[in-house]
Each structure stands twice: as C-alpha cells, then as structure tokens.
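Novice: So TrEMBL lists the following for this protein:
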- 1-19: signal peptide (SIGNAL)
- 62-143: domain 'Copper amine oxidase N2-terminal' (DOMAIN)
- 161-256: domain 'Copper amine oxidase N3-terminal' (DOMAIN)
- 304-706: domain 'Copper amine oxidase catalytic' (DOMAIN)
- Asp375: active site, proton acceptor (ACT_SITE)
- Tyr460: 2',4',5'-topaquinone (MOD_RES)
- Tyr460: active site, schiff-base intermediate with substrate (ACT_SITE)
Amino acid sequence: MHMKTVLILLVLALATIFALVCVLLTRGRAPGTCQHQPPEQEDPDDGQSLVFADLTPEELAQVVRYLQGNLGVQLVDASRAKPSDNCIASVDVQVPAKAEVLRFLDGGGARPRREALAVLYFGNQLDPNITEYVVGPLPTPVYHRDVTVQKYGGKVPYHRRPTLAVEYKQIAGFLKSQVFPTAPSFMRQVMEYDGANLAALTAAPRGFQSGDRITWFVLFQNVSGFFVHPVGLEVLVDHSSLDISRWAVSRVFYNGQYYRDMVQLESAYVQGRISVEKVRKAPRDGDFSSMKPRAPAAALFPLQYEPQGPRYSVRNNQVVFQAWSFAFGMSVNTGLRLFDIRHKGERVAYEISVQEALSVYGSNCPGGMSTRYMDGSFGIGRYTSPLVRGVDCPYLATYLDMHYLAHSQVSRVSKNALCIFEQNLGSPLRRHYSNLQSLYYGGLVNSALVVRSIATVGNYDYVWDFIFYQNGAIEGKVQATGYASSSFLHGDGLRYGNRVWEHTLGTIHTHSVNYKVDLDVGGVKNSLVAHDMAFEMTRAPWSPEQQIERPRLTKKVLDTEDQAAFRLQSKMPRYVYFAANSKNKWGHQRGYRIQVTSFAGDHIPEASSMERAISWARYQLAVTRRKEEEPTSTSIYNQNDPWTPTVAFADFINNETITNEDLVAWITAGFLHIPHSEDIPNTVTVGNSVGFLLRPYNYYDLDPSIYSHDGVFFTSEQDFTACETNPLACLPKTASCLPNFPPFTYDGFQNR
C-alpha cells in the first residue's frame, strides 16, 4: 500500500474520531427540561375568595334535589320540558351582599352563607310565570326564598322567559313535520329539501309588543359555516301558545316577497308566479365557508414558554401574580367576572364583570332587520367554548374547567373553559436610552397576566380578556371573531351591507358590550373627578409683545349621576377618575382613571319602543351610586320583552349625589361592523377589539413597576455581559431548557 494512501486513511480516521467526539460532547451539553420554581409570592387568601366561588357539581345537584322535593309541584327536566311544564331553567351562585362580604374579608366578620339562585319556569299553573328562588345554605339546603318581587317589583310574566334549547328543537320539529310538507313542490324542487339539509337561525326579539312570542327563523344550507349560506326562505312562527299543537305560521318570506303561509307560497310557485333564485348546493364542508386551511402546514409558529415555570399561582378560584390578587368566576348568563381585585395588598376594585353583549342588525330581509341580539339572555357563560391549546391561548397556559346548570336538571362541565397565562407582549412597558450627559439604558419588559374565556353565541365568538399589568393597570378587552351573520341578497340589499358571495349579503350591524366596574379606590367611598385641557392665551413674560398659546389643566368634580352620564357620541373628559379620600405623597387625591377604547356605531333611536331595554348602550360611561337593588345593567328577560323591560338601566340615573359615595362605573364599548369579502370565511379579531383600561392616577407616589424583578439597567461603564449587571446576559444559562409540552387533547365535542 502506498504511503500516500495510508496517510489519507489516517486523516479520515482522525476526522471521524473528532466528529464523533464533538457529537458526544454536544449531546452531553443538550439542554435539560425546564425546572419549575414556585412563585415567590405567597397566597394571602386562606380560602376567603371562596365566598365568590362558582357552585360545584355537588352543590348544583343538592339544589336540584332540594327544589324537586320542597316546592310541592312536579318539575320536568328542562332538557325535555314543554312550554306548559314546570322546570328549573338555571342555577347559579348567589353572590352575598357587598357589605356582608366586606365585613368577612376586612372586619373579621362571619363567613356569609353560601346560597344559590335558581330560576324556575312555572308553565303548569293558572298564572304561568318565572320565579327566582334563593336556596341555602349550601352544601345542604334547608330553605328557599322567593326574591322575584323584591328584585323586579312584581311577578315576571311567563312570555319573557329566555328560550330553552328544547323549545328550539320543538320549533325545528314543527317546521319539519307540519310546515315544510305544506309546500312539497317548492321545498323539493327549489330547496332540494331532504329533511336534513336546512338549518334555521332565530331572530330576536320576538314580535312588536309585550306578550308576543312570534319569531322569524331564517333558513340556511345545513353545511359547515351555514351562517353565510342563506337560501332566501324565512318563516315567522307564532309559538306564544303553551300548547305546541296550536303553534302556527304567521308569515313566509321568499326572495323579497311575503306570503301568508307555505301553502300560499306553494300555490304561487306551482302557478309560476314567483321569481325563483336557485342556490347552488354546497358540499358538507361549506366550500367557501369552510375553516379548513387552504395551505399545508409549514414552519411552526413562535411559541412561548416559562423557563422556570409559571410566575403566578391559582388556588381554588383565586389568582396571585406578583403584586396582584383576585378571585374569578363564571356567571351562566353574563360570563367571566372578577372580585376583590387587589394590588400590593390593597383593594382597587370589588367587582369587574361583563353585563351584556348586544348586536343590532340591518337588512332588507325580515329576520335580519328585526334582530337585536342580547346575548346574556342566551347565556354568555353557558356558551363558553372549550379552549384549544396553542391557538385560543398559549399552549402552556393554565386551563380550568367550568361547571354550570342551565336548560337541564343535570350540571354540565365545559372543559378548559378558562385559561390563565403570563404573556410577554414583545414590547417594553417602559424604557429609555440615554445618549445625552450620561450613557445608560433602562427598561422593563411588558409582561402581563391574562385571564381569558371565549364564548360562542350562535355565529359569533367573543374573546373575553382581563389583563393585569405591572404598573397597576387593568385592561378589560373583548375581541370579536366567528362568522358574520348574513341575509339572502335581493333587491336593494346593498343598502344594508356588502355582497360577500353569490347570494350572500353580509349585513351591517353594531356590537355593544357593557361592563360593570365597581372600583374601591383607597376605600369604599369615592368621588368622580374630571381632568382635561384647554388652551389659554398669555403674553410671554420675557417678551410681553409676544403671545403664547399654552395648554392648562382643567378640573371638575362631577357631583351627580346626571353629570356622570356621558352619551355615546358626546365629548367626554379625557381623564375621568375615581378619587379616594386619601392623598399621595405629593398632595394629590389618589385615583384610578377610566379610559374607554371604543369606536361604537350609533345607538338605536330612543324613540324606539324597545330602546329602554338596552338603555345602558346610550352611554359610553355612566357612574352611579352602588345599590344592592341595582346589581346588573340589564336582565335576561329583556330579550323576549324589550317593550316592557324587566330592568331599564336609564332608571338608575336619577341625579343622586355621587360625592364621597360607593360608586359603580358602567362602561360601554363597541364597534360598527360592515361585513366585507375578507369576512369570508370568518371574521378576524384584528381591528375588532374594544374595551377599557383602569390606570392608577396619582394612586402611588411613583410607578410601582420600578419594583419589578424584571427591570433591566446598565451604563456604558458597566460590563453588560455580566449576569450580575444584566439578567438578559444570563439567558443562555437560565433559559436554555426544554419546555415540557403536554400531549394535545381536546374535549370540546363531548358533553355538548
């Protein structure tokens, strides 16, 4: 063998050995699994937050058993009840009175009794009605108390009852078995109806005057994303009778024309007297409305992880995050709500909760033009969606189940209904780079805690967030996505929206969301103060012949509820804040400012016969005295009888003094949505986000985030590559670990 060949083989062998050594060394230094460290903050609660906790499945079952055995009437399971039956419509926790809770939390008083609020439909009575009972004490109830008259000033008429899921099923059966068969040729030849290929969507409210229960049902192709597949047929059903056999069709609409009933429509069709618009049959996946991606998966999107584990803790219904602590819950009607919100141990708000989500539609079709959805009546909490890891919330968020009882006598669980996570927002909360005089950099990453739920109410998905920032600010935010509702395009339809597909009109509508914010700034008693600016003209003191226009601060104490009610499109002072009876180090009243983020459409004219039912939407902000008898801005009974509203928010505002009182801010945020082609297949959250901020205003002596452990500061004279100087320099050591991603699971298609 030639010496040259030997040398080549020797070099190759050495190279191979070197490569293997490198691989082994590299493998030896592979990052380990991220090690979780417990959060530094301790839980100061000791179970006190349970005073606000949602009912457990066991408690819900106990309430049902108690009612079944102690009311002296037969109760039918609401999942199969007829309108003429008695049933339990819902059960939720009865939150104790604020004064009682504060005595317990702050004054060492007794723990308030744990009670439930049960809503019952009594259809099998001489005087059918809705009755609300407080049932307690839990976990073993021994009493019930009728609170209906106390809450509403009288009995609640039966026609106001929110529609049960079973009633929609009964109406669907009525259409299929009794209505559609009366137009056999039309249904077979025009609708290609096979008994299952049409889906009906309800309009609401249901008529024009108190006592009506007459509903337009809009027909769509029963495919994925059916909301944008109208077929041009709409049926007005009178289901006001408690006897299902007496339900009837009041009107039929097809392609711009109205008919007495389906029989008349059939006759006109057979005689060739109607204009037929045959809609192309869509495949089961909906074709253009399908959410299935049109592109294959590629490089993975960025993910977020916590190198040393979550920096927050969740115990029962309480969350602790850095200087923040609060209790959370989920109302079956109104959804996500928070209680006893504290920063640095001091309560800044007693309650922050969603009250209502309203949509007002326009169209030249009857179902669309008559729709004013009040989603609380359908159940924002009840329709809370199971969350999908990695999309609805970060993959490694904390996910919690929620239990509820509604439209059935058995509680249900919504898996992963709530998520909690700390989010690095990818931008500084504050920073400064100095290149004048001294050279330094100081900054703080904007990392905030997010509590989220998503409610899918019909076609729309609402992403509800409460966000807690390190500077003491709280944000309430809602993002709208899901499917746009639509009408069949005909005639002058383009006056009411944009054409988004061949026969589909994306109909103009407004979204309005109302929040209750019970701030307690430096104590329960607060006043409302407005600060703003005005330009004043003055002579320059050093050059009197010259004029300067300078902004100055304007101040006003808003003494009455009327002064504190700001109409939707009116000019509102840019700084409105709850002021405490204490001052900060600099002599200013400590306060929390309310900042509304909204681009709402116009409110329905107040001359409307139903406007008082949604009169909270008149105001972008209204501040009233807090009263136990005014717990909510609306009622679930307003949807089906808005003409005689059970709760009219406008009555809350009666010019009472609000100086040094326990106050509540009612905040309305919204947006106008004119659907467009980019809403197909689905509306995106971008640009469809509104809400409010609560920001400390002279509440502290300086920005509390300066005490955050996340701060970064170094000068030109320091070694900013050293961990002791700059924690970011330690990331290769502290953050080089492998996060533990649990297997993907989803329970959203079970128990639905």
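Cβ coordinates come from backbone N, Cα and C, glycine included.
Just tell me what is around each of these and how deep it sits.
Specialist: Remark: Tyr460 (2',4',5'-topaquinone) has Ser359, Ala480, Thr481, Gly482, Tyr483, Ser485, Thr683 as non-local neighbours, by Cβ distance under 8 Å and separation of at least 6 in sequence.
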Novice: Taking the Cβ of Asp375 (active site, proton acceptor) as centre, how many other Cβ atoms lie within 10 Å?
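Specialist: Within a 10 Å radius of the Cβ of Asp375 (active site, proton acceptor) lie 23 other Cβ atoms.
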Novice: Could you break down the residues of the domain 'Copper amine oxidase N3-terminal' (161-256) into DSSP helix, strand and coil, giving a count for each?
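Specialist: DSSP composition of the domain 'Copper amine oxidase N3-terminal' (161-256): 30 helix, 29 strand, 37 coil.
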